[in-house]
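Taken from TrEMBL, the feature transmembrane segment applies to B:54-72, B:84-107, B:146-171, B:191-214, B:235-257.
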Amino acid sequence: MESENKIVPVLELKDLRKSFGENTVLNGFNLKLYKGENLVVMGKSGSGKSVMIKCLVGLIEADSGSIRIKDHDITKLGQKELDILRTEIGFLFQGSALYDSMTVRENLEFPLRRHKKKLELKGHTETLVIEALTNVGLADAIDLMPAELSGGMQRRVALARALILKPKIILYDEPTTGLDPITSKEIIQLMRTIQDTYNTSSLIITHDVDCARVISNRMILLVDGINYAEGTYQELIASQDPKVQAFFKN
Amino acid sequence: MGKTKTILDNSKVFFAEVGDISYFTARFFREVFKPPFEFKELLRQCFNMGNRSLLLVVVTGFILGLVFTLQSRPTLMEFGAESWMPSMVGISIVREIGPVIIALICAGRIGSGIGAELGSMRVTEQIDAMEVSGTNPFKYLVVTRIVATTLMLPLLIIIGDTVALLGSALIENLKGEVSYLLYFNQVFDAITYADIIPATIKSFFFGFAIGLVGCYKGYYCSKGTVGVGEASNAAVVYTSMLLFIIDFIAVFITDIFF
Ligand SMILES: Nc1ncnc2c1ncn2[C@@H]1O[C@H](COP(=O)(O)OP(=O)(O)O)[C@@H](O)[C@H]1O
Ligand SMILES: [Mg+2]
């Protein structure tokens, strides 16, 4: 079963390169995400993790390399096809990125506006919003503004928004940054629950070793713009390579 | 030698910026006529802008009318020309002072607001979030705002002009014992379509400039909270400059045709 899933990755980056002027950020990065797994990419702050994940969904144009999601080469897709493909991917942004001029409800409805036709029943939007909020345990925050929520609650709402179209792939950009340890644990727990309920494949970017230990099936270390080391948490922590060890110290 | 290089560098940056903003403008015109249209967001923006600037425009306009009339009275009296007051004030406010002052106020109020709002949305990745959820952020955020300022500025300027004339009439009424009816009769006698039409066309361009520069600065805001402050500040500075340039061109063209 396991090996069967591993034949075709749902998401694949090959030889991804990206520079900003003189600053080379990604220098031939490779990654394969298989169905149902939690893949963690670790890297220092500023090592290009966010750039990599944004290339994945076409927010940043890569200089070269191929990006495949479910048999589509996203560098070759038109705007319409790209938008359709994006509905199958949930994206949790580093700082939650809730729209601060909208209520929680409007935030969650936003990804649905382009899919109104599919939701012909009028009550359907409401049902989806409430369902998504209930999943993250915040059903009663529906009419609040983001500014009225704590950091942890904002992150949950952002997660609900990422999940509202029931994506099969979820990309997390530092899901626990800026949160206290207890709230971080809650968010990680929530991520695991979501993974179990929806059987999603997740790509998690973090520099939080605890988060990586708890959630990862497999890890990639991003160093100097390449996938420097790969393996399970146990394998990597046992590594003798000083660059790898640097991640697990302190 | 060092100095020459700085000036050269600066002008390079300047022309690169002019290029970028031209591209931004072209993109606006490409997307503004293409469905889907974001009417709801457009209305919301119009309402917000009007709501936030109305009081400011009314107060400024009123004081402008008061002060302008008070200051001109002695000079006109010296020549025994007080009876020219309504037409003089009317024409200068409608043609020039009203539009420019109110556009400058709105550059400070609306333009900087747009710069800061879009800037913080860029920095906190809200614009990216919009894009991945299948909504074109340029259309939703930029096009609606530019259209809203273009439509709202003429309206605010008409309101400001009217209030300024009321202020002026008040002074004339108190000091010169001119009735309001007589005052406005004289104003409307003096003002012609040749005053109103160019001024209105000019106000649309003022509105467009305020929206365009605010959006441009905010949309391409650099990372960090410093970037947001800079975007908001630059929006006001560049818009103000642009307003005078537009005004100059408008006056020049009006001079030829009217
Ligand atoms: N839009 C951009 N323009 C220029 N440089 C950028 C841009 N986005 C990111 N960078 C640079 O890319 C590098 C990696 O950034 P990022 O991916 O955000 O790091 P992190 O791994 O912490 O997420 C940084 O040096 C940053 O300055
Ligand atoms: Mg990052």
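Yeah, the Cβs are placed from backbone N, Cα and C, and that goes for glycine too.
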Range from B:54-72, B:84-107, B:191-214, B:235-257 with the greatest count of C-beta pairs under 8 A to the transmembrane segment (B:146-171): B:54-72
Surrounding residues of the transmembrane segment (B:191-214) on its own chain - C-beta under 8 Å, 6+ positions past either end: 21, 24-25, 28, 87, 90-91, 94-96, 98-99, 103, 106-107, 110-115, 118, 145-154, 157-158, 235, 238-239, 242-243, 246-247, 250, 253-254, 257-258
Non-local residues, at least 6 beyond the ends, that sit with Cβ under 8 Å of the transmembrane segment (B:54-72): 85, 88-89, 92-93, 97-98, 101-102, 105-106, 109, 156, 159-172
